[in-house]
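Everything below concerns the one structure shown next.
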Amino acid sequence: MPWRDFAEELVGTSKEAIKKLAEYAEDYRIYPRSINKKGKSFFFLAKVEQKKKLIILNESKYFAAFSGEIEEFAGFKAKIAPLNNENAEKLRKFFPYTAPKTLGNKNPSIGLGDRLGLATPGHIDAVKESEVMPVFAQQSVRELNLTNRSFKDVIDDVSWAVFQEGYEDGFAADADHLKNKTEVEKALKIGYTMITLDCTDYIKNFSQDITFQELKTEYEEIADYLKEGLESQYLNKTFVLGSNHELEYNKINFYKIVLTYYQVIEFAKEIYHLIKKEEKEIDFEISIDETFLPTSPEAHFFVANELKRNGIKINSLAPKFVGSFEKGIDYIGSLDKFEKHFKIHAEIAERFGHKLSIHSGSDKFSLYPIIGHYTKGRVHVKTAGTSWLEALRVVAKNNPSLFREIYYYALNKYKEAKEYYHVNTELADIPDLAKLSDKELPDLLENNEARQLLHITYGFIIEAKKDNNYLFRDKLYQFWEKNDREYRKALEEHIIKHLKKLGFYN
Ligand SMILES: O=C(O)[C@@H](O)[C@H](O)[C@H](O)C(=O)CO
């Protein structure tokens, strides 16, 4: 077994000499950047019978702390530790750089959701030369349910990858789109450093044709103490922003905004009390982006101001912007209209000191120059599906028959998948593979309709089973295992393209 030969060379080597040894570690199927020395023990990740394992050489308190099989060598012992949650927790304890930390709201930051647990090496390659702070561990409850993964799986996959790559510049972990106290408590207990609170269930959506009388009647039903406090703050008042843009609250928009968002504030207050109990800093994001109508600047100002008046400190806020932010494709709408709307939101965020968070932030290349310009780095761009699509691009290039199987399966599941994601693409608009040669398949990943199809059917594809056997999962993971370098390179290039367009990569 190659790692054993390497182990005999490594043990007893000085820290300086390790660098020399690392130069040919890959010949032994060892990850060179994972080689570490702690006390008397050496650590590295290696492929042992096709599976990644943590190898620890020389007995010490660190050696004893990890679980795994022990092998005797001439003069030393080796432990072959599985990459499980118990060992991941020990890894985060002894190698703090493998544990997540908070983003802080200074630098730009990017959420790099990974639905497979394979993308972090490519994400590391993309961000390591940039100024952005990455969130490598980011999945929503929706994604976890669709891929049958847990919040622990997500954070552990990232810690092992960060150790494998020797990446010590820090990353965050965002438990995304949480909707209740239980989910928040669970995520905090596991060690997530960012909580994205999805307030959709506390936002009241109005029909466009509601009359003033109907509005007033509903408003009157709110508790008097709340109404008095809010009316004295906003009703018939105007707030002037730095650019002299005026935010006016008249009866109509005031009633609508209060009725739409007042329960969001109550919900945020309840969750913030949980967060404040933590001994460490937590990045708190309020997400109000999954509503029918765009968030008006007056509504953004109201929510931010009410959070502040209630002593709720947030790091970022995700409004719903004008136009259409669909999954995995560029913005749909007027760029002028977007710019006019976005610059006011950026000003409001700057006034309150939080970041704007751009959900469904993947592939919005036409918007990035506007986003980068007006936020001046005070922004969090959240992506996820795009890394999944890059994994499929590698399949399309190298295993056309598997890609065809997946694509046809996705077509059959598209209607069901649209129950989870709002996309405008209709089945009839999606390209038919039969007309495409194998060579043309990778181009589908440049086609909006095909991207949307594959983007939202990820869970159906990964979890597809027949007679209790996975239809694609095992074949896909074996394929990505063999083609890990190509996937890593594709991710690096694709995410750097995002960062360059945002102006966050020199
Ligand atoms: O698919 C999801 O549920 C998440 O990726 C969610 O959409 C996330 O908040 C996001 O906006 C990533 O682009």
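Cβ atoms are placed via backbone N, Cα and C, with glycine included.
Fair warning: this is a prediction, and the values are worked out from it, not measured in the lab.
Positions annotated as active site, proton acceptor by TrEMBL: D176. DSSP classifies D176 (active site, proton acceptor) as strand under the three-state reduction. For D176 (active site, proton acceptor), the count of additional Cβ atoms within 10 Å of its Cβ stands at 30 [all protein chains shown].
DSSP assigns E285 (active site, proton donor) to a strand in the three-state reduction. Summarising the environment of E285 (active site, proton donor), the number of other Cβ atoms within 10 Å of its Cβ, over all protein chains shown, is 26. What TrEMBL records for E285 is active site, proton donor.
Per TrEMBL, divalent metal cation binding site is recorded for H177, K327, H359. DSSP assigns H359 (divalent metal cation binding site) to coil, not to a helix or a strand.
Of the chain residues outside the divalent metal cation site list H177, K327, H359, S140, D176, D289, E290, S360, K382, A384 have their Cβ within 8 Å of the site's Cβ mean position.
Over all protein chains present, the Cβ of H359 (divalent metal cation binding site) has 25 other Cβ atoms lying within 10 Å. Look at the binding-site residues H177, K327 and count other Cβ atoms within 10 Å of each Cβ; K327 has the fewest. Recorded residues E285 (active site, proton donor) and D176 (active site, proton acceptor) have their alpha carbons 9 Å apart, per Cα-Cα distance. Checked against ligand 1, the recorded positions D176, E285, K327, H359 give D176, H359 in sequence order as having a Cβ less than 6 Å away from one of its atoms.
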